[in-house]
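The structure appears right after this line, and notes come after that.
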Amino acid sequence: MAVRSKSSKAWLHEHVNDHYVHMAQKDGYRARAAYKLLEINEKDKLIKPGTVLADLGSAPGSWSQVAAKLTGTSGAVFALDILPMEAIGGVSFIQGDFRENDVLAQFETLLDNRPLDLVICDMAPNMSGNAVSDQARSFYLCELALDFASQHLKTGGSFLVKVFQGAGYQEYMAAMREIFGTVQTRKPEASRNRSSEIYLLGKNKR
């Protein structure tokens, strides 16, 4: 039997005693991350009935669950991930790498010339334990998401992305400011205090 490290034991203890984990189980969300999006949306009103949005790196699907409830039948939610994701009512899921032409073609077919109001991205790489390489891989994913948003969002659209503060953060903020009229930071209560994660919100795409 594998011996758990002190850090994994601490994570397990925190997870078992996590208020948001219990709430997610009670409310039927697939992950506690749902409450991060709910809190941000409460403040910024990004998702409302009729919103058309793409959820990048969607698995296991808690952000797509929230989005589907908020957009209602008049909106549309497109979820994309390399990993499989169990079906969610009101969500069109494409399994594949959103950099690839065939995946983009599927997305554009489903979008059917509707303007894309919002791109949301809660992606993170599989962490190796090497802080330098993990940070670089994280921002690489963020850059891919920003490129997707810049290509597909309508003028005036919004982009919400998770980043980790550290090397590359200021440069990424600068890149977002070139594309969006305003860029703001959000740190929802459901984000663990010890985590360096923060959400960047770009509004009013140029």
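Indices start at 1 and increase along the chain as displayed.
Placement of Cβ uses the backbone N, Cα and C atoms for every residue, glycine included.
According to Swiss-Prot, the active site, proton acceptor annotation covers Lys162. For Gly61, Trp63, Asp81, Asp97, Asp122, the entry in Swiss-Prot reads S-adenosyl-L-methionine binding site, with the evidence type sequence analysis.
Here the features listed in Swiss-Prot are placed on the structure.
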residue	record	Cβ contacts under 8 Å, 6 or more apart
Gly61	S-adenosyl-L-methionine binding site	Arg30, Ala31, Ala79, Met85, Glu86, Ile88, Val91
Trp63	S-adenosyl-L-methionine binding site	Ala33, Ala34, Leu37, Asp55, Ile120, Asp122
Asp81	S-adenosyl-L-methionine binding site	Leu56, Gly57, Ser58, Ala59, Phe93, Gln95
Asp97	S-adenosyl-L-methionine binding site	Ile82, Val103
Lys162	active site, proton acceptor	Cys121, Asp122, Met123, Ala124, Cys142, Glu197, Ile198, Tyr199
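Classification of Asp97 (S-adenosyl-L-methionine binding site) by DSSP places it in coil, neither helical nor stranded.
Those residues noted as binding S-adenosyl-L-methionine (Gly61, Trp63, Asp81, Asp97, Asp122) have their most widely separated CA atoms at a distance of 18 Å. A 10 Å cutoff on Cβ-Cβ distances gives Asp122 (S-adenosyl-L-methionine binding site) a total of 21 other Cβ atoms nearby, all chains included.
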